[in-house]
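For reference, Swiss-Prot has these:
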- 175-182, 221-225, 289-292: GTP binding site (BINDING)
- 544-554: compositional bias 'Basic residues' (COMPBIAS)
- 560-572: compositional bias 'Polar residues' (COMPBIAS)
- 573-585: compositional bias 'Basic and acidic residues' (COMPBIAS)
- 586-604: compositional bias 'Basic residues' (COMPBIAS)
- 605-618: compositional bias 'Basic and acidic residues' (COMPBIAS)
- 619-634: compositional bias 'Basic residues' (COMPBIAS)
- Lys103: SUMO2 cross-link (CROSSLNK)
- Lys332: SUMO2 cross-link (CROSSLNK)
- Lys534: SUMO2 cross-link (CROSSLNK)
- 169-340: domain 'OBG-type G' (DOMAIN)
- Ala2: N-acetylalanine (MOD_RES)
- Lys103: N6-acetyllysine (MOD_RES)
- Ser122: phosphoserine (MOD_RES)
- Ser468: phosphoserine (MOD_RES)
- Ser470: phosphoserine (MOD_RES)
- Ser472: phosphoserine (MOD_RES)
- Lys522: N6-acetyllysine (MOD_RES)
- Ser558: phosphoserine (MOD_RES)
Amino acid sequence: MAHYNFKKITVVPSAKDFIDLTLSKTQRKTPTVIHKHYQIHRIRHFYMRKVKFTQQNYHDRLSQILTDFPKLDDIHPFYADLMNILYDKDHYKLALGQINIAKNLVDNVAKDYVRLMKYGDSLYRCKQLKRAALGRMCTVIKRQKQSLEYLEQVRQHLSRLPTIDPNTRTLLLCGYPNVGKSSFINKVTRADVDVQPYAFTTKSLFVGHMDYKYLRWQVVDTPGILDHPLEDRNTIEMQAITALAHLRAAVLYVMDLSEQCGHGLREQLELFQNIRPLFINKPLIVVANKCDVKRIAELSEDDQKIFTDLQSEGFPVIETSTLTEEGVIKVKTEACDRLLAHRVETKMKGNKVNEVLNRLHLAIPTRRDDKERPPFIPEGVVARRKRMETEESRKKRERDLELEMGDDYILDLQKYWDLMNLSEKHDKIPEIWEGHNIADYIDPAIMKKLEELEKEEELRTAAGEYDSVSESEDEEMLEIRQLAKQIREKKKLKILESKEKNTQGPRMPRTAKKVQRTVLEKEMRSLGVDMDDKDDAHYAVQARRSRSITRKRKREDSAPPSSVARSGSCSRTPRDVSGLRDVKMVKKAKTMMKNAQKKMNRLGKKGEADRHVFDMKPKHLLSGKRKAGKKDRR
């Protein structure tokens, strides 16, 4: 099926936008910093890359344009002729040809300047070669200004064309302007074509879709056609001629019985005879429209003879009225049936059908005598069929039960389960429990094993295996157990005391704590230590012991005094109050010190989760190049 979608063609930029886009992309996607003290091969590569990158961008965009636009020789003749009428085939091909030439010129310019750049001996010379190469490429594109603008207009118009499938089932409406073609398509499809009481309201092709016999149909509304030579017809009329020539459709030739369109029945008949060659090998129906104003029976004899002659030639004439919808469905049905029959007949005449038919052979046996041999059906089968026709089925289905019980019905599929024990049908045992398959843990002989275990236990109980009394423990073991019990109770008390304190600050180590003598003696007694001889204990002896008597210093001769008189030394002023004149100033200094310590205290409680790494290099300030007028950012 030839199906074309011209809405996917990419936008064709103007020459100025084309150049700006490409050069901007080159500046963004290639390095921008080079210095003259770099090695010459690095400088050459820097500018070669810019030239090649620009050439590749031009090449890709131009190739995309050439690929997206349809080739007139490859598409369906209907679209080829329609594009020739709307856009002029020669102009269209010239524009695409110029784009193709521009693409080749850009490639050649890049190739030449890359070759010259290999011999550049300085940064300045390589830069000038790059500048010349990009300039020549832009000049080539600038000369394609008119071609690019023309192709953009063609693209916009193509995207607005209706999607017409030339090979599907189609009904085609044609006739003089203002005879009711657009009103008919609005009635049979969901199209919304503008209808006005003047000629040439429809200036292009319109498509509507409908369903008939579960098939999809398209109805094409063509602009009105006037009766004059083909060379004198304008673009609007030629669209209708193109559709008639190329679309394999059922043609509905619409005539105005009331002659309100401004053309008599004779003129409409002459137009019919003029375009009759376009109706060859197509089902044709003459639609006599506006029968609500005037019917065929009310016409003069000469006008009635027009429709009589058409019917005698094999063209059905159907009276319709799009205002009252009389005959509209009849026309639709007749046209669709004729087109379906015509398509089947055409396929039967084709080679493809003959190839299939040649492979098929219908074997018909020849009669050997005149004796009748009807098919044999056993009497039991015949009787069963009669019972099935008269009697109801014995087994009730779930649907029958649902209808009988109504709201009380509950779907129960477990009653059909085929189990060994029928009472287990409704046991609620899951198939999967906590990721384990229940079937893996079910032993079919589990009840038998349980009975064996119960018998074994009864035998053991009868033998008195469980009647033996445990041996009495000795005194040493009882003391150990009692001591262990006291230790466990002591641990529990310690835990409770610790919970009551609930200290959250730093804890002082046990060796640094001051131990009171009474507390120590109490703890030792609770642990079972005999404290009767506590006065001779080590800690009591150490407490009573006085300081060792030092050896008396030998008296020395007095030296003559270095000074006549010396006043007694005074104590040094504390640092936290030195330099402060009064109490008020001391309080103020302490307040300032406390406020300064707040931040440090907060950071002191900071954990690993409170860490934050600040962005020391914000990209929006440090990315890009420092151009003129941008240096105040950093």
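Including glycine, each Cβ sits where the backbone N, Cα and C put it.
Here the features listed in Swiss-Prot are placed on the structure.
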residue	record	contacts (Cβ under 8 Å, 6+ apart)
Lys103	SUMO2 cross-link	Tyr58, His59, Leu62, Ser63, Leu66
Ser122	phosphoserine	Lys36, Ile40, Ile43
Gly175	GTP binding site	Lys181, Gly224, Ile225, Tyr253, Val254, Met255, Asp256, Gln268, Leu271
Cys291	GTP binding site	Leu257, Glu319, Thr320, Ser321, Glu326, Gly327
Lys332	SUMO2 cross-link	Leu171, Val188, Met210, Tyr212
Lys522	N6-acetyllysine	none
Lys534	SUMO2 cross-link	Glu521, Ala540
Practice item. Count the Cβ atoms, other than its own, that fall within 10 Å of the Cβ of Ile225 (GTP binding site), considering every protein chain shown. Key: 21
Revision key, fill the gap. Fewest neighbouring Cβ atoms within 10 Å among the binding-site residues Asn178, Thr222 goes to Asn178
Study note, to complete from the structure: Lys181 (GTP binding site) has its Cβ surrounded, within 10 angstroms, by a count of other Cβ atoms equal to 32
Review point. Going by DSSP, is Gly175 (GTP binding site) part of a helix, a strand, or coil?
Key: strand
Exercise for review: Grab the pLDDT values for the domain 'OBG-type G' (169-340) and give me their mean, rounded.
Suggested key: 84
Review point. With DSSP helix as H/G/I and strand as E/B, how many residues of the compositional bias 'Basic and acidic residues' (605-618) fall in helix, strand and coil?
Key: 3 helix, 0 strand, 11 coil
Review point. Going by DSSP, how much of the compositional bias 'Basic and acidic residues' (573-585) is helix, how much is strand and how much is coil, in residues?
Key: 3 helix, 0 strand, 10 coil
Study note, to complete from the structure: According to DSSP, Lys181 (GTP binding site) sits in helix
Revision key, fill the gap. Given the compositional bias 'Basic residues' (586-604), its same-chain partners at Cβ distance under 8 Å and 6+ residues beyond its ends are 576-577, 580
Check your understanding: Where DSSP helix means H, G or I and strand means E or B, what are the helix, strand and coil counts for the compositional bias 'Basic residues' (586-604)?
Key -> 19 helix, 0 strand, 0 coil
